[in-house]
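Per Swiss-Prot, the features are as follows:
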BINDING   A186, M187, S188, T189, S190, G191, T192, T193, G194, L195, P196, K197  AMP binding site
REGION    445-519  region 'AMP-binding'
Amino acid sequence: MADSPLEQGWNVVTWALSGSYDEDRPVLIDADQPNRSLSKKQAIDLVARLSGSFQPGSTVCVHLYNDIIYPVLVLAILASHCEWTGTNPAYTSAELSHHFAQSETRYVITDQAYVDVVHQAITASGQNIEIIIFSDIVTDKPGENDLRWRCNKYDLATLHSLLTHGDESTLRRRLQGIPNHSPATAMSTSGTTGLPKMVQRSHRSLVLETGGTQDHNSAKPFQVRRLYCTPIFHAFSFPEMVINTIRLGFPSFYMRRFDESFANKVHEFGITETMAAPAMLLKIIQWTEKHEEQRFKLQGLRTILCAGAALASRLRASFLQLFDDASVRIVQVWGMTEGGWFATFWYPEHDDTGSIGRPLPTCQIRVSEVPHAELPDGRQVGELLVKGPQLLTTYKGHPDATKQAFNDGWLRTGDIGYCANGKVYIIDRAKDIIKVNGWTISPAELEAVLHQMPVIVDAAALSYGTGTKEHVAMFVVAKEPSMLIADIKHHLLQQVARFKVATCEIHLVDSLPRNSSGKILRGVLRHQLQAHYGNGDHGID
């Protein structure tokens, strides 16, 4: 195999299986059942035996939680000359139906627990989609009854029924026929500007990305042992959980989902690195406040990769205070579904300036020539634009949207920020910026100010109203239900210019709606206001 991700002939499967290390050592490990694991050799065997199970050119959807089989399924799908797409197990039938239609799904692999919802979605989509039931091909030896799953109205094939007698030589022959420019994945956008679209990326795109994200592991004074609990189908998690883990060969433990057992697993398995969204860091802090022993169990962590939403400086500082070792790093990752990771920091760099990273080797990042706002220090900020070979090929079935996403070959990210000293800084999302009487206000700035108050657990700021009635609306989660809105507004007036918050309205709530990656769903909050006030032009005292 070639030794560079820039080699033109690479496909994702060849690249993922190209690492050189002890192939009998467990690499993919079930965090709930650590005896259930896969070595590289076992993973290759399963990929070889599953490859060819799907009609070439088809899209195969994996509708499952995190599992050590998931990377194997993705590689087997790609080795079959097919395209992978993944969905959130929490999706409703309506969400699944839309995803199936947009991705042109032909097969869906799912668990028995989700088969009813999947069947409803297929019926609603009107498509001819075959359901394949997840069966544990890691530990279960197939019997005659394991090849089909029969229950009530269902009689469906299982993963066991797909296993053939293929071997590594068969697999290599299949892989030779995969052009590196061919489609590999179809990932769903967040749908913040309409219904979710499918981002189609090529094999070459993913190979370049995962080659660029590789950290300086050999320079680390600790063994890399990863714990994964972020959604594997997400663009933040996918390159590491599916490709780089098996390529680089460090022990990786997969949690089905993030829960309160996190600290116990960090301690039990000697975990040194993990991935998280900011909302997860907040949860961990809250758990340690209730159970001091959880703080002790986290001490082995050395690196936390963080993405999915803006990381407030106060939250970052509070999380780092959990550790006795000052060398613990929270490393931000910035990217989009449209191209994966764009910027991050590599070991051993620390950053306390608020930057979200340095550009990946395959990414060019610049600021739009049209300034969007001005910072207090006079610095002009604008929309961040990205260019490079790892970007999407197209929005599947939406050529016009693809054209609109680019400006002279540069992807419009929708993030407002600036670049300085080789680092990238994000101020806010363009669509979230608030305009009050002609003044530009950043929701992230107001949220950061509120997070300075010890009694504030979570906060969200958004624009509400139109024209001269546009103003700031803030939703606040407080530790003390008796927290006075007047105290919150007083704090804001002490910290920011009066024009930013003089007309703001504040709502105390029990929690904030967030998506699977931790982003605040401002549209849901805005809908709640509309339901209560109408069009928002009700006036503020």
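Every residue gets a Cβ built from N, Cα and C, even glycine.
Classification of A186 (AMP binding site) by DSSP places it within a strand.
DSSP assigns P196 (AMP binding site) to coil, not to a helix or a strand. Just so you know, the Cβ of P196 (AMP binding site) picks up 18 other Cβ atoms within 10 Å once every protein chain is counted.
Within the same chain, residues at least six positions away from S188 (AMP binding site) with a Cβ under 8 Å of its Cβ are T85, T87, H99, Q102, S103, P196, K197, M198, V199, T337.
Annotation for A186 (AMP binding site): spatial neighbours T59, E83, W84, T85, S103, M198, V199, Q200, K396, criterion Cβ-Cβ under 8 Å with sequence separation of six or more. Within the region 'AMP-binding' (445-519), the DSSP-based counts of helix, strand and coil residues read 24 helix, 22 strand, 29 coil. Across the residues of the region 'AMP-binding' (445-519), the predicted structure has a mean pLDDT of 86.
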